[in-house]
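Participant: Just passing along the structure, written as structure tokens.
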């Protein structure tokens, strides 16, 4: 039951409107706790047990409160420790910087003392006075007071550690700390004053030195420039000193203001901290009150549980004693009901009294306000009366009419004078405008003549320049056309060469693919006949020369070839690798470019190739022949060796022929280089392009011949393989593979060289294109210059025409001005006529003024009649007001009677409701003679109230926090899941967090 009571108390605290919460809190604060009832006890042991249980319960409550207090105190201690740490840190920072300041001041004082000792010594007559070793001027000799040591109590504890400083501050009292800090401040002030005095003495010393220099300059022959320089430096020094003093004063003032603001900030922070502490104290008090309230609620819940348990026991018990208990509980319920009724009645009476009290206070306030207003009637009220407004309207009307007449008269006179003055001014302006226009016309004619002469000169100069440019363009035209034709032909030829190179590359890839297939076939055949050996297998295992040995070459070795041969799918990878190798690297391109500059390197390269091939063929040694070999095979092997030697000799001959060709090309390149150096720029470009073209053609022809040879050899090898037996085919295939590898390396090197040469040719062609572009740009610039000259000539013609037109227009303007002068004379005549007409109109205005005065008299008479009418209306208004005053008391009486009737009606309704409740209770007593039956009926009513109104089967165990209507949890959850999220009673919308369970015990 205690758990249910706690849940109910928590639910009551969490739900309900704030008004109900406040009333409940007020009730709990005034609740009287009844003594604890221990119930039926049969022995002292049970008494001790229950007392111990109660004590344990109380101790647990106190322990919880103690733990909460300890947690809060621990938090406060942590906050205070943090604050103390920050305060200690700030104190240490202040102490450190103050100590540094004192040390620097002492160092300055020691420096000045040393300078004073040096300056106190007698000076030699021939020595020059100047600054010391550290760059500061010597002070005066009379600085003995600076050398006096400061008192010990004024010196700060500079060597004192930080922790000792904090401990000393904590150990000493506030008076001691204040005295110590005061002494430290006095020391700092004294030290700073000493520094200032020393600086003043130094300044005086400098001035004396300057005076001595001036006097010595007067006695000794010095240049005027040096004297002027010293004077300027002295003035500059004084100006800088004044500026420094001003800046120091400004800095001191700003620092004082900053310190004041800092003090204000610290005071505000202390106030904030104090307010935070007060807030924490108040929160502590609130927590204490809340705990007390929870405790009282718990006691009240336990008391209610015990009361309910006693009620149910009494209802379930039988006999005479049980009947007495039920009757007492019935009386208790009746008293509670009467008490509630009386409370409701008292609340209604109190509301009525408060309403009447508010009405009474409002009436008293209005009465007092009206009395005060009646005693001091302001002028505004008098001005707001009808009579005053009528008189004011009549007066303002007459006054406005008189002002209008007066203003009209003044306007007529002013208009007459203005017309006369404007007429005279207009005549003067016309004369001055005529003179100004004549002068302007003369000056413009002179300017136009000058501009015309200048334009003619410019036109002649432009014409001469245009003819010169035209002649120059006619001479340069054929050359430019020839250059364009040459460039276009070279571009077409370069495109053709690129196409041929692509085609040869494609053929080379096909040949490489066929070589890969042959390798695969030969590797398969070697695996099929493993017992047969080849005398040159050891020579095949030697690595082929790569790029590291002698320039560009194939990267793959025979070992790699043997490893890759068994897998047929690896042929594509080898072909792709070879395709990548066909692209010349940057090192090869650089080598080719260097070969163009120094052909000896290219000459040495072909000589190195046959040596490498011979080394590959000779190898580490021939393997031992097989044991089961026949003499015919040995003869074949000898023939094969002879054939290999013959092939090597042919290869050497080819390499020597290539060497000769390379030497011849070297000589041609030297000749071309000499011609290129001696020829002009345009011819050099032409020669370079032609040489590149010739070189590319030769390389293409050589590549074609190489490809044909490779194809023929491939065909021959395929025929030999088809005709011979298996062993001969295998050996021939191996030899062919070796030979093809070597040829492939050579072709690759040649191909890479050709590709690099093609790149060089392309680069030269691009340079030529850039040069041609520059030439075309120059041609365009010349054309643009010619066009500009033509446009300037056209513009000059147009300007000439425009100037003529302007001259004609100015002549027309002169004629127009003459016509304007004539027109102005006509307007003068018209204005004179207008003046005469205005004089006539002035007479008409005077006549109109007399008519207006007559109308004014007529309006005055009308105003008198209106005043009489206002008097009549005033009498009627007074009559209406008296009648209104007579009707107002009747209205007040009727209002009071109506309020009294409504009050009596409310009272009668309350009496009727009270009597009806009593009648219902009496009927119950009459119907049910026994008190148990009455209680059972009431229990049924209460159960009906506790059942859910939606399903009428389950108990109410869920509340909607939006409207505080109670239903069963299943109905509320079903409506929420069915998206009917509205209260069944009041249609108030609710959400997922707007309903929860309640426990009604």
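Any Cβ shown, glycine's included, is placed from N, Cα and C.
So Swiss-Prot has the following annotated:
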- 1-31: region 'Disordered' (REGION)
- 18-28: compositional bias 'Basic and acidic residues' (COMPBIAS)
- 20: N6-acetyllysine (MOD_RES)
- 42: phosphoserine (MOD_RES)
- 45-91: coiled coil (COILED)
- 116-149: region 'Disordered' (REGION)
- 228-377: coiled coil (COILED)
- 355: N6-acetyllysine (MOD_RES)
- 437-523: coiled coil (COILED)
- 516-646: region 'Disordered' (REGION)
- 517: N6-acetyllysine (MOD_RES)
- 520-531: compositional bias 'Polar residues' (COMPBIAS)
- 528: phosphoserine (MOD_RES)
- 578: SUMO2 cross-link (CROSSLNK)
- 579: SUMO2 cross-link (CROSSLNK)
- 585: phosphoserine (MOD_RES)
- 602-619: compositional bias 'Basic and acidic residues' (COMPBIAS)
- 627-946: coiled coil (COILED)
- 633-646: compositional bias 'Basic and acidic residues' (COMPBIAS)
- 948-987: zinc finger (ZN_FING)
Participant: For the coiled coil (228-377), which recorded stretch in the set 45-91, 437-523, 627-946 gives the largest number of Cβ pairs separated by under 8 Å?
Facilitator: 627-946
Participant: Cα of residue 517 (N6-acetyllysine) to Cα of residue 355 (N6-acetyllysine): how many Å, rounded?
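Facilitator: So the alpha carbons of residue 517 (N6-acetyllysine) and residue 355 (N6-acetyllysine) sit roughly 117 Å from each other.
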Participant: Check the coiled coil (627-946) for me and report the mean pLDDT.
Facilitator: 79
Participant: Helix, strand, coil: count each for the residues of the compositional bias 'Basic and acidic residues' (633-646), based on DSSP.
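Facilitator: Here the numbers are 14 helix, 0 strand, 0 coil.
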Participant: Return the residues near residue 355 (N6-acetyllysine) by Cβ distance under 8 Å, restricted to its own chain and a separation of at least 6 in sequence.
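Facilitator: Once residues fewer than 6 apart are set aside, residue 355 (N6-acetyllysine) is near nothing.
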Participant: Have a look around residue 517 (N6-acetyllysine) and count the other CB atoms within 10 A of its CB, chains all included.
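Facilitator: If we count other Cβ atoms within 10 Å of residue 517 (N6-acetyllysine), we arrive at 12.
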Participant: Count the residues of the zinc finger (948-987) that DSSP assigns to helix (H, G, I), to strand (E, B) and to coil, and report the three numbers in that order.
Facilitator: 9 helix, 7 strand, 24 coil
